[in-house]
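The substrate binding site annotation in TrEMBL covers Met33, Gly185. Here TrEMBL flags Arg108, Thr154 as ATP binding site.
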Amino acid sequence: MRGAEPLVHCLTNSVVRQITADVLLAAGAAPAMVDHPDEAGDFAAVASGVLINVGNPTTEQIEGMHAAIASARDHGTPWVLDPVAVGGLALRTGLATGWLDHGPAAIRANASEIVALAGAGAGGRGVDSTHDVAVALAPALSLAERTGGIVAVTGPQDIVVTNSGGSTIATWVTSGHPLLQKVIGTGCALGAVTAAYLGAARTAGLPDHDAVVAAHAHVGAAGTAAGRVAAGPGLFAVAWLDALYTLTPEEIADTVTLLDASP
Ligand SMILES: Nc1ncnc2c1ncn2[C@@H]1O[C@H](COP(=O)(O)OP(=O)(O)OP(=O)(O)O)[C@@H](O)[C@H]1O
Ligand SMILES: Cc1ncsc1CCO
Ligand SMILES: [Mg+2]
């Protein structure tokens, strides 16, 4: 990923733009936020990956999202859906549900968002999950079957699933630190890192599933490393960024536990 330095086009919420750009840079990617409807399609055509995060949408940004998704499909750019707070709010729930038929390469969300997006229950509490990750496994498999893409559920452990083309894969990723929930936008930034890894993996001819697992491992391992040196959210955020930048692939592999739970 660092070698490819993928260009990641982010249409994301106003709360997390800064941390998302910082995280992409630290992880080895190149961020660009391009929301305007008259520019978003052109940019998605040349980007390595696109992130669509519905965390705090404006009317104009939604038009940009439609344009970016259409262009990403036309140009084969992998795009990632982050259905922030889907379930409780009708506008974003309708948008995200409609986009399931537009070929997201990956969906990245917390457990409540995956349950709600799959129509298997209500959402969480605001932007936070109130469901266990394991409860979201069946809804994630159903979303992966419907979209043909990867679905990743985050929490104390993450699960990454593929369920298309005759192959069903489920990979548990254990890493991270509870302080990741006390810094705003860690999950949102992970969505952008997922788009970055997908872009890099497509260039290298590597599987999308492995790209999504690698994104979660990189972000999680950096969280584990930051948790060793930080007592609270402020220093943790800084240490997490530094670890995203400094961790080697070997250190990431040594920090993270992967478990293949494919049926
Ligand atoms: N209790 C925990 N222990 C370890 N890691 C965690 C824990 N909870 C979340 N994480 C990690 O924090 C990161 C963000 O996941 P989270 O589920 O909080 O996303 P989210 O709720 O969608 O985030 P956001 O607040 O950005 O919308 C992931 O890397 C996840 O693995
Ligand atoms: C706090 C918050 N509100 C809308 S989006 C967002 C960022 C975390 O998802
Ligand atoms: Mg969260």
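Note: Cβ is positioned from N, Cα and C throughout, glycine not excepted.
DSSP assigns Gly185 (substrate binding site) to coil in the three-state reduction, outside any helix or strand. Around Gly185 (substrate binding site), the same-chain residues six or more apart in sequence whose CB sits under 8 Å from its CB are Val15, Val16, Ile19, Thr20, listed in sequence order. Highlighted here are the binding-site residues (Met33, Arg108, Gly185) whose C-beta falls below 6 Å from ligand 1: Gly185, in sequence order.
Neighbour count (other Cβ atoms within 10 Å of the Cβ, all protein chains): 28 for Thr154 (ATP binding site). Each residue contributes its Cα atom, and for Thr154 (ATP binding site) and Met33 (substrate binding site) these two points are 24 Å apart. Neighbour counts were taken as the number of other C-beta atoms within 10 angstroms of each residue's C-beta; across the binding-site residues Met33, Arg108, the minimum falls on Met33. Here the CA atom of Arg108 (ATP binding site) lies 19 Å from the CA atom of Met33 (substrate binding site). Reduced to three states, the DSSP call for Arg108 (ATP binding site) is strand.
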